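A.B. asks: Got a structure for you, written out below as structure tokens; questions coming shortly.
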Amino acid sequence: MSWILLVSMAERMGFIVAIAFLLTRWPRFRRLLDHPASLTDKLLLAMVFGLFGIIGTYSGITVSPGEVKHQFPGYLSYEDAIANSRAIGVIVAGLLGGPLTGLGASLIASIHRVLLGGFTDIACGVSTLFEGLLAGVIYQIRHNEGVSPWVGLATGLVGEIGQMGIILALAKPFDQAWMLVQIIALPMIIANSLGIALFIAIVRTVVENERWIGAMQAQKALAIADQTLSHLRTGLNYDSALATAKIIYREADLAAVAITDRQVILAHVGEGADHHLTGTAILTRVTRQVLDSGQLKIATNPSEILCEVPHCPLRSAVVVPLRSGPKVIGTLKLYSIKESKPDRLMVELAKGLAHLFSTQLELGEAERQARLLQDAEIKALQAQINPHFLFNALNTVVSLIRTNPDEARRVLIQLGNYIRQNLKSSLSKWTNLETELKHVQAYLAVVQARFSNLLKVTIDVPLALYGIALPPLTLQPLVENAVQHGFAKITEISAVEISAVDQGDHVLITVKDNGVGIDPEMQRYLLDAERDAERDRGVDGIGLINVHSRLVGVFGPESGLNIYSVPGQGTTISFKVPVNSE
């Protein structure tokens, strides 16, 4: 009879698989797996798993003395009991959500079981609470390592063996309880333990696969961006568009890739290249819609693409706008030969590339504006810091995407703030101390993401001095120099202090670090405007001489940089800004 019961319970495993997969689609459940959930999330999940436990009861098999009834139990007579899978929902709740979630789910499921009746009602209610609390304790022990299917299997075995012991201890009469345990013990211990292990295995496999796919897509997007940066810095033209489209086509395994400006096709690589010709007018309606609306569009069939050439092989597409500032200057189009809605990964790839390309195009436009303004010093500084900082930031984001997506998002926001201020700085002759400090804070937020708590930053600037005028990109290069060159290795607490002091007719601004210091000969060399740039290419300090030269040019020799440094103890760089400088 036990083997018949085991087969019957095993047949219900498909239900467990379906529930496990559906839960992986639920954002609150995903948050539970990725990082500590809120109290609200835990209580809601306790209700869900409690309901799962109730379903496990109703999907059980009624067992009477000497008889197994293959039916869903309703209200039980006193002699009846249930061979059920209630433990699966309760134990999984505790293993994945912790003690509170496990206790909540077990309380819901146990109250329901007691209300059904039968001579094991109290015993089953108590054993359900025991299993929920047991799983919560295992969660506390294994939280840092994570819960594997093997841990789920072991917890299920202990929990179900414990349930049989509780039934024998509490259910009366004992003879009837003993007869019941002989029938249900082996099937429930085996089926429910395997069910718990299967549930956790499915959840972990689905979530880890999606994380892996997401990480691969992010790396693919960043690899494409890395290869296309040098091309798009020249602007959106035939050459840069063709080079970019070829890189995307090669790296992303798409049917076709196209880039347009507002009037013509700049490049088309892949299927349909025989009639989507470079230099011809834009053929597809969906592209026109994106140019007009500035919003992403998805074409799921040829009628939505509306290519004017019959039998065009392109069946679906994702079209995203390319921007320079607020203005839409073109589109990026990723095509498929399948007549269906493009998958989410393709859409996210298109959005990510468009954002990166738009940023790079905007950077390129800023550089062209700088040349038109003949601001050679600012242009040189931009050319030095933008690519270096951008690549470091992207590498940091790649690392954080897998371990801490929320932190990755925060770093990207700060990176956007940093780049935006760079663009504004290249177009302005003047800024103020408040804006410079915000620029520095955006830079430091990204840098600190790389070094965790090892970099300590102190800013001591009175609010009354925030309006002091000074040339743009004055403060940030000094802070960057302290971080990049002041600390040989950030392996212990490193400190950067930024201060401003009102000294009457001028303000003294200071950037101080506790790093490796600079020897006296190098100090003189760093501010030598006559040094041979070609001979010394790659030597540190180009940013410092740039800032020094601009301060001297704007305010006079008394406002140039002063460097005081003791090797092994740190460096202090200061300069004076007249109070009425603008």
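Every residue gets a Cβ built from N, Cα and C, even glycine.
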A.B. asks: Looking at 81-102, 345-366, 433-454, 455-476, which one is transmembrane segment according to TrEMBL?
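C.D. replies: TrEMBL lists transmembrane segment for residues 81-102.
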A.B. asks: Within the same chain, where does the transmembrane segment (150-171) have neighbours whose Cβ lies under 8 angstroms from its own Cβ atoms, ignoring anything closer than 6 residues to its ends? I mean 6 or more beyond.
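C.D. replies: Sequence-remote neighbours of the transmembrane segment (150-171) are 87-88, 91-92, 95, 119-120, 122-124, 126-128, 130-131, 134-135, 138, 142, 177-178, 180-181, 184-185, 188-189, 192-197, 199-201.
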A.B. asks: Can you tell me the mean pLDDT for the domain 'Histidine kinase' (475-581)?
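C.D. replies: That stretch averages a pLDDT of 79.
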